[in-house]
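Taken from TrEMBL as is:
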TRANSMEM  79-100  transmembrane segment
TRANSMEM  112-129  transmembrane segment
TRANSMEM  149-179  transmembrane segment
TRANSMEM  191-210  transmembrane segment
TRANSMEM  216-236  transmembrane segment
TRANSMEM  257-281  transmembrane segment
TRANSMEM  336-357  transmembrane segment
TRANSMEM  369-389  transmembrane segment
TRANSMEM  449-469  transmembrane segment
Amino acid sequence: MKPTRLTDEVDERESVSSALGSAMLDDGGRITESHVESCSVAMLLLLCAPRMAMNMAWSAQWAALGPLLQILLPSWAVQLVQIVGPVTGLVVAPTVGVLSDNCTSGYGRRRPFLFGGAIASCLCWFLMMHTTDLGKALGDTPDRRHWTAFFTVFCYVWMDITVNIAQVPATLIIADFAGERQVLGSSIAQAYSITGSFVVSGYIMWFGAAHEHIKTFLSMLIVIMLVTTMAVCILVKEKPYVPERTPTKSEAMKEALFAVYTGLRHLPSTLAIYCGFFVLVQYGFTAYNSSKGQFFGLVVHAGNATDADQCGDRCSASQVAFNDGVRLAGGITDTLFNAVGMIYLATLPWLVHRFGVKRVLTTALVPQILFIGMAFCKAAPVVVAIVALSSITQSTIYALQMPVIIHVLGYGETNRLGLFAGAFNSANCFGQLLNFALASVLVTSSLGYTLPVLVGGLLTLVAFFICLLKWHIRLHTL
């Protein structure tokens, strides 16, 4: 006889509980400590603030460093450098998560990594501010900027590593303190992330391209990173972790180095299914987001990209159409995307409490499924509306990630939260890598930039049916 869904979920939690050792099952089948404390909303606002700086850092990488790399390097080299980001996240996030889980510092498990990652990132940006000056001092000329290119690439990779180091504990410390308010905490964190995107886009709107004012732009980034992260490091007090058995240094490093494999292999089925459709959804969005300028310029506006960046007053009608499409993609469309996400996140805790995680998440995938029709649409207002609505998909799948992990693993220091949260970050990076691998092939077809967006919508449709038919979870907690 086939067991009921609730029985499946309880059995799964019992197996996870057995692996964790010291946790207990409550009468609803949820793994929990004997008492779960939830911090205040004011504390959540403080804890979530570093997420603004983290998202600003990633936005800055695309807004400031991407164009700078394009100026200094050939296109193939730019692609090679940019693929370092997902590869770094694939490895660094779960490794830092495991090291953070097992950290016995007197300052707590998360704050030492948050402090170290934030300071290292700020040092990276300080060096990045002076790459041109260093290049000139070492002999660069306007025609040969090898040293400037070297320091820029070096800082790009450095930033990928250190921001990941800071981002992992910034996410985990919210889950540690949120208690029963996991959905609220994740929604606030996601709202901070969107605010970070607004700050970057607002700066570019008022002052122009970020790479043209690199010192001022990075100074702003350093200040916001230090203010938000140091406030958490100073004002938040973590309880030091005292393990029942202290592993040797070699055991700890081995566990950290194999974190990607361990995290994915031991994911409970509920989380493994979430991880699976998470990869599909992220591929779907990245397929659009990584080529949105080309999609709007070439497909929606039917423009011509050839020499469109340097034709000036002599641009043809098709070149003007392409440039207008690029501006539309990165201007009002991105702004509406962020605005819709911000408004939606204000309602997400209530929606989860009223309808449950499964219904909310399944329904939230629908806007991104509309990419299937959007791929062939030439009406710019319709395309802008669909992209803006896809913010609901992205906000939901990110904001509910940690609450679902906590729901399955339970609360407490022994739940190996960093390991499994790192596995989800690896899944996100895998989706990005998959897009890097396939996008360059798909755009060579007769459909051009229509095909990647179409494939993204189709994969989101597959994710929808997986979520609807195979994913079983009962979660209504705020």
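Note: Cβ is positioned from N, Cα and C throughout, glycine not excepted.
All TrEMBL annotations are machine predictions without curation.
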Maximum Cβ pairs under 8 Å to the transmembrane segment (369-389) - stretch from the list 149-179, 216-236, 336-357: 336-357
The transmembrane segment (112-129) versus listed stretches 79-100, 216-236, 449-469: most Cβ pairs under 8 Å: 216-236
Positions whose Cβ lies under 8 angstroms from the transmembrane segment (336-357), at least six residues beyond its ends: 183-184, 187, 190-191, 194-195, 197-198, 201, 384, 387-392, 394-396, 399-400, 403-404, 407, 473-478
Surrounding residues of the transmembrane segment (149-179) on its own chain - C-beta under 8 Å, 6+ positions past either end: 36-39, 43-44, 47-48, 50-51, 54, 57-58, 61, 65, 68-69, 72-73, 81, 84-85, 88-89, 92-93, 96-97, 100, 109-111, 113-114, 116-118, 120-121, 124-125, 127-128, 131, 134-135, 185-186, 189, 229, 232, 236, 238, 402, 405-406, 411, 417-418, 421-422, 425
